[in-house]
There are 2 protein chains.
Amino acid sequence: MTTQRIRDFLATRRPDGPCLVVDLDVVRDNFHAFRHAMPDSAIYYAVKANPAPEVLKLLAGLGSNFDCASVAEVEMALDAGATPARISFGNTIKKERDVARAHALGISLYAVDSHEEVEKISRAAPGARVFCRVLTDGEGAEWPLSRKFGCVPQMAVDVLVYAHQLGLESYGVSFHVGSQMTKVDAWDAALADAKRVFVSLAKQGIHLKMVNMGGGFPTKYLRDVPSAEAYGKSINQSLRAHFGNQIPLTIIEPGRGMVGNAGVIKTEVVLISKKSDNDTARWVFLDIGKFGGLAETMDEAIRYPIRTERDGDEMEPCIIAGPTCDSADVLYEKNLYPLPVSLTIGDEVLIEGTGAYTTTYCAVAFNGFEPLKAYVI
Amino acid sequence: MTTQRIRDFLATRRPDGPCLVVDLDVVRDNFHAFRHAMPDSAIYYAVKANPAPEVLKLLAGLGSNFDCASVAEVEMALDAGATPARISFGNTIKKERDVARAHALGISLYAVDSHEEVEKISRAAPGARVFCRVLTDGEGAEWPLSRKFGCVPQMAVDVLVYAHQLGLESYGVSFHVGSQMTKVDAWDAALADAKRVFVSLAKQGIHLKMVNMGGGFPTKYLRDVPSAEAYGKSINQSLRAHFGNQIPLTIIEPGRGMVGNAGVIKTEVVLISKKSDNDTARWVFLDIGKFGGLAETMDEAIRYPIRTERDGDEMEPCIIAGPTCDSADVLYEKNLYPLPVSLTIGDEVLIEGTGAYTTTYCAVAFNGFEPLKAYVI
């Protein structure tokens, strides 16, 4: 997954210290793959996955829409060339003054999952379109969702009725099947729930128009994942099964699936050591860790592909840790990671599939280490 | 723990958005308490806990030394007025070029826990003093240490012999009993190990001079913690028990214990909602969460005191979560947190004991939210 362009960049620029390199050609390919697999769905890129201006500008040019989590992200999408009509304020937790700011910027599509949020939007963005997020179980996701977002379907009906009563346009429902979702049929149960909400509201004279099917599309780490094509096919079947010949407008919100495999982190082996003479596993310390951008190794959830220049050599299982004086800054310890026996202090190591949720997750300057540098090429 | 000075600051300045306010008077009191409780130990403040220039300057003026995790932290301590002789490069994981930079800045005291690190220091900082970190079990710590740092005592002996052979000054041993350590006698077993390393090396004609007893001194969150006095007394007893009348130089490295209770985070209730009509617990969403500075709520490890202006009212258990579009951004869910039934969207909430490991842990700009602002008064 390290493209030739990334290899060439690293070989010629030789950047010092850890850094992320993002290949825009891969992002472009991913966008086309989603558009081809799901031609009837509008793509709303989840800005939080990687808000690099170059990425946003490319996607804006390709015709992408944008799912934004804050006013700052809305402003980034606008700066990249998106019109307000192509932006969704997709966070269900918003300060009323931030809704007012988004409204002033022309944003007219908002996520809600509670009566309280509907009230804020009715005051700060009168007449806006709202969609209500419904809770799903997230089974099968590698980065599981909690119950933080959404409400049960019955409550979603009440919330959307309330929005209608307060003069908002009750526009649709949304759900999220869980990040890095590797089951292509995971959308089916949620679409059945969505349909029930549509039916309940139609009985009250409120006709929803849209289903926001969220993100969850995976990136390839160590294991193969299904293609965008396979997800498109499965989702399309579910839409037909549940909505028949009245398929609503649909939205997808890929983040990881759009940029994950476009990025590679270049890091360096700082130390290789053992804790005792009879330790079986060596500790390999890199110059990047949990606080420098690899937060998704929390509980060893995401297992990134790691490449070295010695990968043809004999391998042995290692513990991999970051450079900070923090004992929690260990990447893989419960499940040891095979690395070459010949790996040496000073060696360059590539961590693949790191285009999403790395630069933004990294700490400001923990231990005095600078945030992860990023080069978008 | 919210001091009158902090209350006055918040009342008059009314800063917008979440922020940390640190009261230097509390830091000063903590420094004096440590000095009084352990008059024979040199205090090396763990810069990583809170590297605010005002904190470092105050402590430098009070005569503190500094435990630094990186060259950047060394430079911060020097900028604050510390001389190089008062600085320890306490990270056992260092790039050789960083050792060379520290050496050029005059730093002469380094942590090691492996032969490989000794080799780097012998090349990049010839003649420097080194201390070897020994593994301890961390039992009783609320933020437990992993095996990431240190080596077994027998290996520490070998490492220090090797350092001596390479022309370094084998200066001592270090250990860390685990952060937020609430057992005052936790230092005893580690001091016994330290003594054994001293004896083994003395038999080979190498006479260590120093024991670095690390940090781990707690700050008061919800439960009371023993006083600095109590730790000093217990540690002193252990030193006498193990070292008799040949007590070495000792160092302590308080971080959390120096600044934790000096800081208060001001935050705001963004949303209060339920997921269904028959939910028993309400969700309270704040404008700060795991990615905005409260990373130590990971696994609900640290339970901060939370104050509202309605604390006299009836309380009910709540789930508390942060503002980002990330399902992992939940602070307390397994163990619900009692908050007033009357708590309302827009209310100001104070999170106490947040002077340590907050500003530095926070993400660069996840979801477009700015890093935690800090005011040091």
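Positions of Cβ are set from backbone N, Cα and C atoms, glycine also.
Worth saying up front: this structure is predicted, and the values here are computed from it rather than measured.
The annotation domain 'Orn/DAP/Arg decarboxylase 2 N-terminal' is assigned in TrEMBL to A:26-259.
The annotation N6-(pyridoxal phosphate)lysine is assigned in TrEMBL to A:Lys48. Around the Cβ of A:Lys48 (N6-(pyridoxal phosphate)lysine), a 10 Å sphere holds 27 further Cβ atoms from the protein chains shown.
Taking a C-beta cut-off of under 8 angstroms and a sequence separation of 6 or more, A:Cys325 (active site, proton donor) has the following same-chain neighbours: A:Asn367. According to DSSP, A:Cys325 (active site, proton donor) sits in a coil region rather than a helix or strand. Annotation source TrEMBL lists active site, proton donor at A:Cys325.
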